[in-house]
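To start, the structure itself, in structure tokens.
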Number of protein chains: 4
Amino acid sequence: MTDPLTLTGVIPPVVTPLTDDGEVDVASLERLVHHLLDGGVSGLFALGSSGETVFLTDPQRDQVLEVIVRSTAGAVPVIAGCIEPTTPRVLQRVRAAERLGVDAIVATAPFYAIVGPHETERHLRAVGAASSLPLLAYDIPVCVGRKLPNDLLLQLASDGVVAGVKDSSGDDVAFRQLVVGLQDEQIEDFAMLTGHEVVVDAMLLAGATGSVPGLGNVDPHGYVRLHRGAADSDWDTAHKEQERLVRLFRIVDSADPATAAGATRGIGAFKAALHLLGVIDSPAVSLPMRRYDADETGRVRNQLERAGLSVRR
Amino acid sequence: MTDPLTLTGVIPPVVTPLTDDGEVDVASLERLVHHLLDGGVSGLFALGSSGETVFLTDPQRDQVLEVIVRSTAGAVPVIAGCIEPTTPRVLQRVRAAERLGVDAIVATAPFYAIVGPHETERHLRAVGAASSLPLLAYDIPVCVGRKLPNDLLLQLASDGVVAGVKDSSGDDVAFRQLVVGLQDEQIEDFAMLTGHEVVVDAMLLAGATGSVPGLGNVDPHGYVRLHRGAADSDWDTAHKEQERLVRLFRIVDSADPATAAGATRGIGAFKAALHLLGVIDSPAVSLPMRRYDADETGRVRNQLERAGLSVRR
Amino acid sequence: MTDPLTLTGVIPPVVTPLTDDGEVDVASLERLVHHLLDGGVSGLFALGSSGETVFLTDPQRDQVLEVIVRSTAGAVPVIAGCIEPTTPRVLQRVRAAERLGVDAIVATAPFYAIVGPHETERHLRAVGAASSLPLLAYDIPVCVGRKLPNDLLLQLASDGVVAGVKDSSGDDVAFRQLVVGLQDEQIEDFAMLTGHEVVVDAMLLAGATGSVPGLGNVDPHGYVRLHRGAADSDWDTAHKEQERLVRLFRIVDSADPATAAGATRGIGAFKAALHLLGVIDSPAVSLPMRRYDADETGRVRNQLERAGLSVRR
Amino acid sequence: MTDPLTLTGVIPPVVTPLTDDGEVDVASLERLVHHLLDGGVSGLFALGSSGETVFLTDPQRDQVLEVIVRSTAGAVPVIAGCIEPTTPRVLQRVRAAERLGVDAIVATAPFYAIVGPHETERHLRAVGAASSLPLLAYDIPVCVGRKLPNDLLLQLASDGVVAGVKDSSGDDVAFRQLVVGLQDEQIEDFAMLTGHEVVVDAMLLAGATGSVPGLGNVDPHGYVRLHRGAADSDWDTAHKEQERLVRLFRIVDSADPATAAGATRGIGAFKAALHLLGVIDSPAVSLPMRRYDADETGRVRNQLERAGLSVRR
């Protein structure tokens, strides 16, 4: 069992490379894992939103976990998204994740189903009770339609149900209040991971223990430098590195907004960039997203070059 | 292949009875199908939101379709929800639905994934192209976070991609504008089904061709009388029956709001009622919902009795 | 004091004609009042959202009330919007409305201020207590950010605080449940007015007592025919008239969506139409809206002609 | 004319003390101004949301500006909220603010009126053109229902229309991207003020030039220490002071959530605290808010004492 203490530093949500016919591209995924480990990351988050988890079939998800766990070979913890609308379906994914040897699991509030705080509490308690692995609560209202309330998170933390939070809520006020609430309850070793790649320095100052930056797929070294700066209280370095990464994140603005919304823009950009960097063989994405076209890819290339990354294609 | 013309009248979203240990209760589901057919319904919508589709595993979903298709024995069309967050996963469900012999399929906009109108269009076109069965678009923003735009629906209708809409948007203005838009485009035989059980008479006057009332599980005869009234331009009868059903729908207010939100209140009430009526053997619901407790069930019983239904337990 | 019983039929929210330099155009407003009275309306709603109430200064608002009350000369009741963010400011408008001789007042939930149901209840009770005139609650969540809850409305109705609802919530389910709730509480003479001009027939079937259609400025005769059809249980006539008006309402789609949003599209269209019909002298609207340009006005003209209205310019 | 450069540091949104009968309490307001100036603040924001601006009549607003400008006596800049739903009404407030001698003005996006980016742009350009004073854009979607888009803000900054932003959007991602966007456009002397009192240290690291903390009314010294720490790159001091203030901000959780929502909780708490500290004579708030009761005030007292502040009552 992973010590939750180790869930610090940079833990990118690993993109899932696909072949042009929609299958998991195993060789590319292996290269991506090594690219990230070489970049100095502290952990890998498999099957997160950036990993297209809700686009993959269960056999594909199992394959992704198998490849990532094998390629990582224990170098860092692997945490696995178990992201489904409701409890019975999440439990299926928990059993698969355990079988495939991950180190921690991640679950959101229920979605599609119309629920309130009590249903969310029953959900997370049932998921936590079903596994011996640490459970991280994934707070992502933009996808599930509801924020995890701080009082619920504090109670679940206090009861040992959740070992951390992966915060993609965009609510820095609630994040800060949770940090201070955990201190006051003397809850230690609780992972507070920010998912917002453009405010990692600020959230580390506010008390985050680490980050889960989608952009970390593209530039893991940058996020690792940022984290080390913060860990050394060298906030000037952290801040400068973050500003460079804010600019690099503009790759997601490369897509034509008239025909590409959130998921397409983000995942499409990460894959276009990883393809240009020579890490993955195809920028293919799942339907109903579409891959970046030539013009869009050209804009991604420009941003990569400005950020000082080595474009290979 | 079903003629979309037949998608009129009352087409309840069939509840999925469960045993106390969470398995599909086949005998109860068979009884429920006969209860609905005896009530005079014109079709059955399997694996909708009221059918707990996002709570069921794929084998359970297949089992539900198999039982409903077999029990219905061609008496009325069976339409099947293929409700998953993204295209590849919906396509898996489409193949299962076709294999199990349903007459039409139903898909929502993508969910969890952050998408815009272009992704939604690619999604519905891909689903439509993958099946020879008629496709109904399920408009349910409260679950998926976005409304299907009327201009997209008109285009898809005009292109023959969708054969109808199951409207649970709560947006009667858009519903009416779509009805008139279809007339102006001379698109006929398009199913306009309202999912809001308390305004069926009004929506039939506005141009709906039928209804998909969750409450129709409990009182199919009432909805059939309502529909026949409207079909005969006997709006007084339709209106009176609807007002009785508005009151009966208060069974969903029986749950304690402090510990039960939307899904629990609705599905819990339908199952508590069907159990009291002797149609299903257990009021069990899936996690993270909870079944109605004794007090709540007592309030459901009172409403059933006031509505003149025969309580058996 | 107006008998609330008379708040039935068609009560248009009167547009406020402006001169090109932004002053109230008194002669045009007088012509508009006569246009509406000639159309057979049962009341006039001054200073509603369509009347640009939140764009006008207090002296302008007073002037509008003075002109409308004087021009109406008691022929029908005049109800006046007292629309401000908070209680003290609404009370100022209530005193002005009383002084200027209106027959009833209309107030929304608080806005801008972040409030909950208790603040809304204190607000409406304070407004009701401050005036001897009947108070209508204006339910318009798209403008104020929150819906008036049915349980609050029923309590305020039961306590005699509010004499009716002007519903622009777009929530036909709640509207219907309120109608039936009022019946069950035996609250009579309560005005249930729908503000959605494209579903008036359906809402009258559902139990509305009247309508407040912005489009009624343009075609009062049409709405009066619709209402009389419904009142005579001639639902076929009501439905046909409504469908014609659904098409006429497309004047609001005449504006370029790239540079005109909700208020501009709606109020701009009503004023462009009234100008073309010769009722008002200028289609000017308040900043930050803009008036319709020549192309947009051309499209309005086409819709008016298709609807059989007499274009004068 | 104020040099926008000076809009750095701590600029509290000044609470408006009221007498028990709802009038502006001039003596208390003068004491509050001196309390803030003694605390070392760099500016005063009069008639902001915390100043109950949307609850006050125009004469009361004028009185507030007159008292604050006079009491401040040029020691620091005074900026004035001109907060009304639409352009003509904001312009009225701009003229009053200029007449009363403030140093800058603040306007939000339109509210109540349904607008889009083009209406918002016309609004802010018209307000900016109407005054020789610097204009700050107030980004507060929780009150007005829409966020100011970064591309619009960058354009208005580049065109010299707005001199800064007061950010209460809760969107730290957009805030950071705006900071970097301003750098890339080489727009200097632009005030980037955060309104979120619990993340001031983080936002200063991210590039804020100052803060507008409602809680700064209660503890100006704390926010000044925080700001100086950040200005000296002593992030450890800034962080510690911020964590103390996160705990002090819990005074807003003192109100019973069953009967007090956002505005009541926040403004009620600030006034209860200022009353306990002996700065203002009454904790009275405007309708439809309510003042804190004895139990709630007791909880505020406890938080003040824990934070080391000198309770006088």
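Each residue, glycine too, has its Cβ placed from N, Cα and C.
Curation plays no part in TrEMBL annotations; they are all automatic predictions.
According to TrEMBL, the protein has these features:
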type	residues	note
ACT_SITE	A:Tyr138	active site, proton donor/acceptor
ACT_SITE	A:Lys166	active site, schiff-base intermediate with substrate
BINDING	A:Val212	pyruvate binding site
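Distribution of TrEMBL features across the structure.
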| residue | record | Cβ within 10 Å |
| --- | --- | --- |
| A:Tyr138 | active site, proton donor/acceptor | 28 |
| A:Lys166 | active site, schiff-base intermediate with substrate | 29 |
| A:Val212 | pyruvate binding site | 31 |
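Here the Cα atom of A:Lys166 (active site, schiff-base intermediate with substrate) is found 5 Å from that of the residue listed as 'active site, proton donor/acceptor'.
Each residue contributes its Cα atom, and for A:Tyr138 (active site, proton donor/acceptor) and A:Val212 (pyruvate binding site) those atoms are 11 Å apart.
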